[in-house]
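Engineer: Take this structure first; my questions come after.
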């Protein structure tokens, strides 16, 4: 029974990670353009097959034909919203959930959404 439960937990984690919110942007190249790089929305250039993290907490990858960026932010949804509040820590790209009356005390979280 424990093996079955452990397998379910691993499967649920995998499904959650696979549902990450991603955006796709064409890597615009022009005839005769032999550069092997992508230009992101801020105008920064990245080599083909390179990866980087944006200021908006996205993990991006440069491919020949597109740039794919996926959010790194997991949003807590399974917590006591009457007793607790979520706080976004931009420098860490994550939320924490703390008690409203005592922000030094964290709250348990049952569910996250990517």
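Cβ coordinates come from backbone N, Cα and C, glycine included.
In case it's useful when we look at the structure, here is the feature table from Swiss-Prot:
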type	residues	note
SIGNAL	1-20	signal peptide
DISULFID	22-70	disulfide bond
DISULFID	38-62	disulfide bond
DISULFID	57-93	disulfide bond
DISULFID	60-69	disulfide bond
DISULFID	84-107	disulfide bond
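Tell me about the setting of these features in this model.
Structural biologist: In the three-state DSSP scheme, residue 22 (disulfide bond) falls into the strand class.
Around the Cβ of residue 62 (disulfide bond), the same chain contributes 27, 37, 38, 46, 47, 48, 49, 50, 51, each under 8 angstroms and 6 or more positions distant in sequence.
On its own chain, residue 93 (disulfide bond) has 53, 57, 72, 73 as residues at least 6 apart in sequence with a Cβ closer than 8 Å to its own Cβ. Annotation note: residue 93 (disulfide bond) sits in a coil segment as assigned by DSSP.
For residue 60 (disulfide bond), the Cβ neighbour count at a 10 Å cut-off comes to 21, with all displayed protein chains included.
Non-local contacts of residue 84 (disulfide bond) by the CB criterion (under 8 A, 6+ apart in sequence, same chain) comprise 97, 98, 99, 100, 107.
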Engineer: With H, G and I counted as helix, E and B as strand and the rest as coil, say where DSSP puts residue 107 (disulfide bond).
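Structural biologist: Where residue 107 (disulfide bond) sits, the three-state DSSP reduction gives coil.
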